[in-house]
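J.: My structure is below; once you've seen it, I'll send some questions.
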Amino acid sequence: MAEVEKKETVIIGAGPGGYVAAIRASELGQKVTLIEKSDTLGGVCLNVGCVPSKALIQAGHRFQEANDASTYGITTQPATIDFKKTQDWKQKKVVDRMTSGVKMLLKKHKVDVIQGEAVLDSDTQLRVMPVGPQQFMSADTGLTIQFDNLIIASGSHPIEIPGFKFDGRVVDSTGGLNLPEIPKEFVVIGGGYVGTELAGAYANMGSHVTIIEGTPSILAGFSKDMVSIVQKSLKKKGVDIITSATAKSSSQDANSVSVTYEADGKESTIKADYCMVTVGRKPNTDDLGLEYTKVKLDDRGIVQTDDQGRTDSPHIFAIGDIASGPALAHKAFFQGKVAAGAISGKNTANDYVGVPGVCFTDPEMAVVGLTQSQAKDKGIDVSTAKFPFAGNARAVSLDEAEGFVRLIYTKDDKTILGGEVVGPGASDLIAELSLAVNGRMNVEDIALTIHPHPTLSEPIQEAADVALGFPTHI
């Protein structure tokens with residue numbers, strides 16, 4: 001029998017939720033062991049998700065700006081891309097730098113990191129199995145750990161759909177980020193966050209992109225007038241958008257993939273260099289041994305928890321993509337801090353109302369809190385106030401004046417319940433509205449806060465002025 005090691009706080013998964021939970025737990029005086037099956041730290045987000053995708057989007061923007069320089073009286077040679085160099089920059093200067101930073105932080109906080117796959121035997125014990133072909137060969141193989149507390153942050157994986165096995169020229173989002181070349185023809189199945197972001201990035205770099213989306217609109221969940229601005233931008237880049245369509249099958253040869261889909265009762269086939277499938281993600285809860293614990297899952301495989309992330313097994317917590325709330329890295333960051341705090345007796349709790357969502361399209365979109373329709377569904381009497389970026393000097397000087405800021409607030413006392421931004425810098429601007437929603441601020445609080453001029457932050461203040469009935473620049 002393998003010797004049993006006793007540990008205080010064990011964390012499964014070194015993604016955004018896991019490594020932040022490890023750091024916070026250490027800061028609170030806990031002795032922490034972090035188990036990660038990959039050979040890199042940072043999870044999907046840092047290695048093959050949020051961070052590298054933003055690097056690729058940035059490269060696309062730079063290429064587009066170079067080609068549009070004549071608009072500003074700048075004459076240049078036609079821009080070209082050495083995509084291998086682009087991919088090398090993304091990996092070495094962005095991903096590797098960030099993952100090495102996580103490694104340094106964990107070392108600084110004296111977190112013991114073990115590489116292997118964790119499998120639970122009970123509510124208080126797990127095994128760490130070697131990663132590789134020999135795993136699970138024997139019950140005595142690997143390390144056995146008894147823990148006082150466990151935080152599970154095992155993340156999620158892309159959903160594969162029938163007829164589109166991830167192989168060769170049919171790729172998931174990870175494959176889409178790591179293509180060896182810029183495709184001339186690129187098919188994206190799924191018009192959500194990831195699909196539209198990478199569709200725009202590759203279109204900026206010269207690809208002809210086709211998005212196939214099953215619902216009547218891309219970017220479901222965002223307000224229609226926000227989506228229409230992004231859709232107009234995508235079409236201007238030459239992106240074809242096919243909605244209310246079903247992807248049926250794919251076939252490959254050495255140099256291409258043929259994608260068959262059905263729309264309006266008719267089947268059609270597109271030939272492309274690559275097809276990327278981004279139709280959602282599934283929580284990694286199948287192979288953890290949760291059946292040997294009191295932990296319960298819902299029908300989607302999401303772990304059921306209280307507002308601190310605690311499961312039905314009181315010393316086991318779940319955070320990140322396997323837990324309730326939106327599958328976002330910044331939500332996982334916060335959940336990790338809450339769970340670590342709960343273990344140390346802190347009384348903090350998760351509140352998802354103020355969690356912002358950002359889509360790095362062109363222009364960017366960001367939302368927080370309740371939409372107008374969501375507020376009405378809850379029986380709340382609300383009003384909205386909207387200010388366009390066309391009335392903002394900084395946006396005009398950037399030649400990026402499409403979009404608007406919208407506030408959703410109660411009619412009686414003008415408490416801000418939600419905010420929406422579509423336009424330049426939306427991913428950064430939403431932080432102010434997140435603070436407003438979390439702080440239960442009203443529109444006057446924002447209107448009386450002096451914003452610097454000329455900046456992209458001013459439309460937030462201007463929208464508050466609109467709400468108060470005293471608009472200045474419209």
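Just so it is clear, glycine is given a Cβ too, placed from its N, Cα and C backbone atoms.
Take a look at what TrEMBL says about it:
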type: ACT_SITE; residues: H453; note: active site, proton acceptor
type: BINDING; residues: K54, D321; note: FAD binding site
type: BINDING; residues: G190, G191, G192, Y193, V194, G195, T196, E197, E213, G280; note: NAD(+) binding site
type: DISULFID; residues: C45-C50; note: disulfide bond
type: DOMAIN; residues: 8-336; note: domain 'FAD/NAD(P)-binding'
type: DOMAIN; residues: 355-464; note: domain 'Pyridine nucleotide-disulphide oxidoreductase dimerisation'
J.: Listing them in sequence order, which of the recorded positions C45, D321, H453 have their Cα within 10 Å of that of V194 (NAD(+) binding site)?
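T.: Of C45, D321, H453, within range: none.
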J.: Counting other CB atoms within 10 A of each CB, which of the binding-site residues K54, D321 comes out lowest?
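T.: Checked K54, D321; of these binding-site residues, fewest Cβ neighbours within 10 Å: K54.
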J.: Given the recorded NAD(+) site (G190, G191, G192, Y193, V194, G195, T196, E197, E213, G280), which additional residues of the same chain have their Cβ within 8 Å of the Cβ centre, ordered by sequence?
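T.: Here the non-site neighbours turn out to be V188, A199, I211, I218, L219, T278, V279.
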J.: With Cβ-Cβ distance below 8 Å and at least 6 positions apart along the chain, what are the contacts of T196 (NAD(+) binding site)? List them in sequence order.
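T.: Expected: V188, I211, I218, L219, V230, L234, C359, T361.
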J.: Distance check, please: Cα of C50 (disulfide bond) against Cα of G190 (NAD(+) binding site), rounded to an integer number of angstrom.
T.: 17
J.: Express in Å, rounded to the nearest integer, the largest CA to CA distance found among the NAD(+)-binding residues G190, G191, G192, Y193, V194, G195, T196, E197, E213, G280 named in the record.
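T.: Taking every pair of listed residues, the largest Cα separation comes to 14 Å.
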J.: Report the same-chain neighbours of E213 (NAD(+) binding site): residues 6+ apart in sequence with Cβ closer than 8 Å to its Cβ, ordered by sequence.
T.: G190, G191, G195, I241, I242, T243, S244, A245
J.: Nearest to D321 (FAD binding site) by Cα, among C45, G192, H453 (recorded positions)?
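T.: Sorting the recorded positions by distance from D321 (FAD binding site), the top entry is C45.
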J.: Near C45 (disulfide bond), how many other Cβ atoms are within 10 Å of its Cβ?
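T.: Its Cβ has 23 other Cβ atoms within 10 Å.
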J.: Mind checking which of G190, G192 has the fewest other CB atoms within 10 A of its CB? They're the binding-site residues.
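T.: Lowest Cβ count within 10 Å among the binding-site residues (G190, G192) is G192.
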J.: If you compare CA-to-CA distances from H453 (active site, proton acceptor) to each of the recorded positions C45, K54, G192, which comes out shortest?
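T.: Nearest listed residue in space: K54.
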J.: Tell me the coarse DSSP state (helix, strand, coil) of G190 (NAD(+) binding site).
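T.: Looking at the DSSP assignment, G190 (NAD(+) binding site) belongs to neither helix nor strand, so coil.
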J.: What's the CA to CA span in angstrom from G192 (NAD(+) binding site) over to K54 (FAD binding site)?
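T.: Cα-Cα, rounded: 16 Å.
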